[in-house]
Amino acid sequence: MGMEKTKGLPSLPVPALQQTCDRYLAVLEPIVETEKLKRTRELVTDFQKAGGMGERLQKSLEKRAQGTENWLSDWWVLCAYLDYRLPVVIHSNPGLLLPRFDFRDKQGQLRHAAKLIAGVLDFKAQVDNETLPVEHMGRRPLCMNQYYQLLSSCRVPGIHRDSVVNHAKGPTASRHMVVAHHNQFFTLDVYNGDGSPLNEDQLLVQLRKICEASPQSSEEPVGILTSQDRNVWGKAYLELIKDPTNKESVEAIQRSIFTLSLDSMSHHALGETDHSGAAQQMLHGGGSHLNSGNRWFDKTLQFILGEDGMFGLNYEHAPAEGPPIVALIDHVEECMKKADMAHSPTSPLPAPRKLHFNITPDIRRHIEEAKLHLNTMVQQLDLKLLVFKHFGKNIPKSFKMSPDAFIQIGLQLAYYRLHQKPCSTYESASLRMFRLGRTDTIRSASTDSSNFAKAFDDPGKKVALLERAIKAHRAYTEMAIQGQAIDRHLLGLKLQAIEEQVSLPEIFTDPSYAAAMHFKMSTSQVPAKSDCVMCFGPVVEDGYGVCYNPKDKHINLVVSSFSTCQETDTGRMVQGVEAALLDMRTLLESTPKAKL
């Protein structure tokens, strides 16, 4: 991997302590009651006083920053992903839904699958030769490191902490992918003896062999184990790999370049236009009776192609954020549109190898438990996809407003109308301007967004309030991508205290901190060339997950919540967002342009 990918990029700054403390108090204003806030102010003052704990931790953090490529990245991947013990399904892995293909049969599925594989291999060649064009945000080059983590990698469960293996480079670099069909796994070598990738004709021949070798669905879907709580799966994993055959099979999946799930018809209840059902297939497979056993959820990159034309992927989040995944998908979609010029050489290829598993009664019990657990999770997740067709980026742009800020303020308005108060809101901001940068948090609930939402249903100066709310959001976003937001800095100070084994400063045990960290809206904008949308579950039991892709004239938006919670309601939230965006447009259009 080396420094060459990241040379020339600045390292992630450690923001000034005073600045973070001030901004922390400002973000608490709309979400914490006045009485609680008074106490928090005292704690913050105490924390940052000269010679105090804050200063000591800040100095340690600055020292850490000098000695590492990125003071945050190692900590972050552990805290956010590898130490997290809830299942990766719904709670961590995003799903990505792409427009449906126009086939409804096995032949169409396999033909498109061959094109898809060829497209990924084409992208892989750019990664391997390091010819990926460097991306920019404005004029600033972005860190490309995440692209080198996507292929040939996989999460491995542990009892208390997981890890990630990567086989992209070196003498053991992967030459095969894995295809899942009817809950069974096959390794498929994707390179010829001379190192050239198999072409579409060759791939089609191999995919047909796989389908012929797995005519019936397996009763023992080993893959479903990857949907369990991480500690439960960690224990089952040790049990599973005691058997040398199983160990070899599991390693073949972990080392594969990527996996492709060839799904059966999802089920006849799904109408042609049921995008929400299709998004659920990408996120969790629909349950053990549908396609959830036809998955290996620990795999970084898992493409999904249904017999009914459904297309998308599920990805394990530890190695990368959405944008590199979307760039890969955009590339694959372009490749799939092109006709394949190559014709296959005549030499027959060795058949793909089926991965065998020896299932002990113990493992069988684990599989049954995982099925029950997953089916409960699937039932409890209420997820809806909205294709908002009234307008897209074009409207906010025509009023010189950032489309992202416009949508975020729409979410704030919708939430306020439903719940009569603002909530702590998370929007991910990219830190890729910095070496090995991942994300920080844009806190979309501001005093300005709250003032706008409160005033919206009264007559009066609403446009000015909307403009201020948009401006505040833009300012926070700008601050976040420059490495000056508060969330990762506060986390760093907290982890530094834990590492130095000093008693945790009270600002971190304060109820205000808990409120700030309880994100009832977890949101992300994942823009793409393709007409796709990402989806994920809420991060708290009484919250919403919201992901959107603003196109020129429409917006793809997915909202999720848990049906076990009385306060949240996905259907009402979706209607609320639609109404809020329309009301904001009406507000802008009914105000004379001169005022804007």
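Placement of Cβ uses the backbone N, Cα and C atoms for every residue, glycine included.
Annotated domain 'Choline/carnitine acyltransferase' per TrEMBL: 12-577, in sequence order. Note on the domain 'Choline/carnitine acyltransferase' (12-577): mean pLDDT across this stretch is 96.
Among the features that TrEMBL reports, active site, proton acceptor is placed at HIS317. Non-local neighbourhood of HIS317 (active site, proton acceptor): ALA80, TYR81, VAL88, SER92, ASN93, PRO94, each in the same chain, at least six residues away, with C-beta under 8 Å from its C-beta.
Around SER398 (CoA binding site), there are no C-beta neighbours below 8 angstroms that are at least 6 residues distant in the chain. Annotation comment: TrEMBL describes LYS393, LYS397, SER398, PHE399, LYS400, MET401, SER402, PRO403, ASP404, SER430, ARG474, GLN525 as CoA binding site.
The (R)-carnitine binding site annotation in TrEMBL covers TYR426, SER428, THR439.
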Query = Restricting the comparison to the binding-site residues LYS393, LYS400, ARG474, which residue's C-alpha is spatially nearest the C-alpha of TYR426 ((R)-carnitine binding site)?
reply = ARG474
Request  = Would you measure the largest Cα separation among TYR426, SER428, THR439 for the (R)-carnitine site and round it to whole Å?
outcome  = 11
Query = Whole-number Å distance between the CA of LYS400 (CoA binding site) and the CA of SER428 ((R)-carnitine binding site)?
reply = 23
Query = Which entry in the list of binding-site residues, SER402, SER428, THR439, has its Cβ near the fewest other Cβ atoms, using 10 Å as the limit?
reply = SER402
Remark   = Integer Å value for the Cα distance linking SER402 (CoA binding site) with SER428 ((R)-carnitine binding site) is 16
Remark   = Cα of SER428 ((R)-carnitine binding site) to Cα of ASP404 (CoA binding site), in Å and rounded, measures 12
